[in-house]
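According to TrEMBL, the protein has these features:
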- 12-35: transmembrane segment (TRANSMEM)
- 55-78: transmembrane segment (TRANSMEM)
- 99-116: transmembrane segment (TRANSMEM)
- 122-142: transmembrane segment (TRANSMEM)
- 189-211: transmembrane segment (TRANSMEM)
- 270-290: transmembrane segment (TRANSMEM)
- 296-315: transmembrane segment (TRANSMEM)
- 327-350: transmembrane segment (TRANSMEM)
- 356-378: transmembrane segment (TRANSMEM)
- 385-406: transmembrane segment (TRANSMEM)
- 426-446: transmembrane segment (TRANSMEM)
Amino acid sequence: MLAILVFSVVIWMFETVSYPVSAAIIISLMAFLLGTAPNMMNPDKVLGTSGALKMAMSGFSSPALALVGAALFISAAMMKTGLDKRLALFILSKIGAKTKNVLAGVILVGFILSFFVPSTTARVSCMVPIVMGIIAAFGVPLKSRFSAVMMIAIAQADSIWNVGIKTAAAQNMIALDFIEKQLGTTVSWLDWFITAAPFAAIMSVILYFLLLKLVPPEMDEIEGGQETVARELKALGPMTLSEKKLLGISLLLLFLWSTEKILHNFDTSSTTMAAITAMMLPGIGIMTWKEAQAKIGWGTLVLFGVGISLGSAVLSTKAATWIAHMIVNVFGLYHTSAFMIIAILAMFLIVIHLGFASATALAAAMIPIIISVLQGAAEYSHLNVVGMTLILQYVICFGFILPVNAPQNMVAFGTETFEAKTFIKTGIPLTVIAYSLIMLMAATYWKWLGIII
């Protein structure tokens, strides 16, 4: 199992094949290699390819997979109806024509859309054409600092709010699935928000000032900026019935997410599945199944399912426990404080993320090991394993340094408005500040909440 895990990490790091193809390879390897290994329940017999294949496909029965699939459906519905574009243009129409205000507006849009569009790539893909249209309408060169700072802000703000909102990114669902399986604990939408949103809010403000300092726009104000946004908003016409229905369902869904375990016991996956069912019911007709098929990135679901299967297999074969004991020994985590454990493991995750192009793949490979490491350290110190796992999952969402560290970065980079060195120039200090803030909150706010003991 360790060999399969290492192989998976290597092909995910170097992207030697596409993610869906890598998923098929991993399933095949698990079926045949684990199939010839002893059965964990009965070591005198081999597991067999049938039993190994069940293990390899187990992730596809996870409630977290249903949530990610439903989230992709909602994102597709947003794009199909144009509601995401309308929300973005409406916010931008209220901020004025000063470049500082436009930058603040772009970051604010990233925050707002993270509530309603549960896909980082979809949110960035919504914002990029809007900002590109503004750049073209103003006659601003693509290689200008104004163009660069706006595109970098789009990508970085969305990565930041992947931390703040539980349903904003698939990697969060992977972490929560392992937390539930390994630790028997569920984390509600509101609990996540209370814990993580302050970090994301502070980082959003820091992002604003950091970008203005490192990539200052050439002009203070864009002539005709408001008129361009207003013209695009007017071109959309009045809200359609489908947009109104989708907005109503989205607001209801947001209410159900935020009141989980307070007003009701409906979990996030179930309420989200109910929402997409409502969208396809006769008479509502926001989106047909055929339209959804064409707009949903099924490769993401395949990668997600295999990622959960891989992590579960690493756990069930005790490979994660072996790796965890090695890490505890190498880093000397015996009798180490929770603060120092987070400091060491967070730095480790930031460094290893440099080789990954997907936080989803990183979470699938690392979270089971992280949990096992924390459980091993907890044998010698009193630790809140669930809370510390959440904090380290926030770090997995960091994809600030290289354009290739996250799909949303590559969408923005594909506009050719900035060079990789410009992204790195902003990404390194942003990562250093984010790491420092993680440690500051671990010593204060999260300690007050009881997440750090």
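The backbone N, Cα and C atoms fix where each Cβ goes, and this holds for glycine too.
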Output the single range from 99-116, 270-290, 296-315, 426-446 maximising the number of Cβ pairs under 8 Å to the transmembrane segment (12-35).
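Stretch with the highest Cβ contact count: 296-315.
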Rank 122-142, 296-315, 327-350, 356-378, 385-406 by Cβ pairs under 8 Å to the transmembrane segment (189-211) and hand me the top one.
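Comparing 122-142, 296-315, 327-350, 356-378, 385-406: 385-406 has the most Cβ pairs near the transmembrane segment (189-211).
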Taking a Cβ cut-off under 8 Å, which residues six or more beyond the ends of the transmembrane segment (122-142) line up next to it in the same chain?
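Sequence-remote neighbours of the transmembrane segment (122-142) are 72, 75-76, 78-79, 84-85, 88-89, 92, 102, 106, 109-110, 113-114, 150-151, 154-155, 158, 222-225, 228-229, 232, 408, 411-412, 415-417.
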